[in-house]
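Contents: one structure, followed by commentary.
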Amino acid sequence: MEAWLIPISFFSKRYFSINTLAIFPIAIYTLMLAYVIVTKHDSLSLIKFPKKALYFVLLFLLSQTAVDFFYFSKVKNDPGSPNLISGVFFGVYAVCFNIVVVALLVKFLISYSENAKYHFIKSFYISFCLLGLIVLLPQLLVVLTNFGSSWVNLIGRFFEERHAGRGDFYFMGSYTTTLRRINGLCSEASFLAAQLGIVFIPVLLASLKNRFNIFNGTRDNTGILNWILLIFVWIILLFAKTSTGILVIFLSLLIMFFFEKMDRKVLYFVLGIIAMFGVVAAYFTIQPIREIVNKYLLHKSGVSNRLGGTIGLIITFLHYPIFGVGNAYESYYLMKFVPKSTTNNWEFQDVFRQTGYPVQSEFFSFFAHFGLIIMIPFLIYIVRKILLAHNLKKNITNSRETNKEDLFHLTIIDAFYYFLIMYLCISFFSFGWFDNYYLVIFFFYLTVINNYANKRGIL
């Protein structure tokens with residue numbers, strides 16, 4: 001069953017109005033968890049919920065419910081704010097339910113069998129290759145040549161998540177055929193860039209660093225498979241034509257340089273210099289490259305709205321630092337606090353005023369939404385997991401001999417570090433922070449690290 005966790009998470013299209021519960025994965029994950037509880041009841045100790053986690057969930061629910069009820073009367077007429085039922089019960093409670101189900105399911109499936117983590121990784125690679133062949137490669141062909149539009153539109157019609165309030169993104173059948181940008185099955189290109197950067201690239205980079213083919217569990221000095229996949233991802237990110245994609249490429253290059261062993265740092269540095277000059281030359285000589293930079297990276301309205309939205313979130317947090325303003329009503333406060341100088345563009349005037357101001361920075365939205373009462377315990381939890389991963393890695397590297405199992409876990413630990421780096425940096429932009437593929441891979445890392453730390457007597 002663990003092999004299905006990642007591929008199921010790709011199908012994020014919402015089929016009715018209740019956002020979190022409307023998507024395919026949470027229904028399947030809930031059924032899978034119920035099946036596990038019924039058929040594996042003798043092993044339910046594997047999914048025992050820690051008391052501290054239970055207290056945190058209760059604190060989250062109580063604080064967010066109280067905040068949403070308190071602020072509802074102020075923002076109920078704002079165009080971007082939901083009603084109390086969809087805001088609280090199908091916003092806060094549904095998100096919490098989704099996270100808990102995924103956490104318990106991943107913990108059990110990965111812990112139940114010693115080979116489960118290897119099955120998960122094999123499925124991880126196979127799922128990405130299938131996504132690339134069935135979805136991403138056809139979209140790339142459409143962007144470059146317009147060949148295969150009917151197939152891309154068919155996939156888009158049934159499986160592509162749609163961005164609320166932006167029907168102009170999809171009026172030709174799909175996001176890709178309309179805007180000539182690659183978006184995978186996500187609602188827009190930047191969300192695909194976040195998905196590739198947070199979910200897939202960390203595993204590829206960690207495998208290359210450790211000279212370990214994590215797919216088949218063998219030492220691999222060339223890393224041909226991972227290099228092919230990484231270069232393919234970079235190409236997809238480039239033709240997603242989004243600043244988030246360029247950020248992901250830049251971050252992956254920095255990670256390769258700073259975390260790589262010394263013998264490859266010089267090579268990567270030289271290649272980086274060559275690539276930098278190549279990009280500059282391409283900007284001045286190749287029209288499509290210049291169009292990508294000017295239209296999608298330096299686009300005035302996009303930069304203004306992102307800057308204004310970020311400033312608005314920071315000011316919102318400073319006004320309501322302890323409890324935040326809730327997970328559903330940020331639009332009202334963004335409209336209130338956004339600098340007026342950043343609102344003189346068509347997107348703000350024609351779209352945001354009618355549909356509400358969307359979150360432009362997830363990082364600052366966490367603090368504005370949830371306040372310090374939630375964010376401080378969560379950050380302490382993350383720091384403790386980083387320290388555990390560090391101690392486990394130190395324990396493994398200090399061993400006299402490093403076997404394949406050790407190399408596998410060293411690779412997972414490095415991938416966990418890169419995951420956190422990518423997530424942190426990308427969170428300064430907007431993406432679906434609680435989408436199921438992020439939850440699945442996050443709890444996979446935590447479960448594998450915890451289990452191996454227990455096995456080696458560190459916990």
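Along the chain as shown, residues are numbered 1 onward.
Here the Cβ of each residue, glycine as well, is placed from N, Cα and C on the backbone.
Annotated features, as they stand in TrEMBL:
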type	residues	note
TRANSMEM	15-38	transmembrane segment
TRANSMEM	53-72	transmembrane segment
TRANSMEM	84-112	transmembrane segment
TRANSMEM	124-144	transmembrane segment
TRANSMEM	189-208	transmembrane segment
TRANSMEM	229-259	transmembrane segment
TRANSMEM	265-286	transmembrane segment
TRANSMEM	307-329	transmembrane segment
TRANSMEM	366-387	transmembrane segment
TRANSMEM	407-431	transmembrane segment
TRANSMEM	437-453	transmembrane segment
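Contact between the transmembrane segment (189-208) and the transmembrane segment (407-431) is supported: at least 3 Cβ pairs lie under 8 Å, counting only residues 6 or more apart in sequence.
Counting residues 6+ beyond its ends, the transmembrane segment (437-453) has Cβ neighbours under 8 Å at 5-6, 9-10, 98-99, 102-103, 106-107, 110-111, 117, 120, 195, 198-199, 385, 388-389, 391-392, 409, 412-413, 415-416, 419, 423, 459 in the same chain. The transmembrane segment (265-286) makes no contact with the transmembrane segment (307-329), as judged by fewer than three Cβ pairs under 8 Å among residues 6 or more apart in sequence.
Contact check: the transmembrane segment (307-329) against the transmembrane segment (229-259) gives fewer than three Cβ pairs closer than 8 Å, residues 6 or more apart, which falls short of the contact criterion. Most Cβ pairs within less than 8 Å of the transmembrane segment (53-72), among stretches 229-259, 366-387, 407-431, belong to 366-387.
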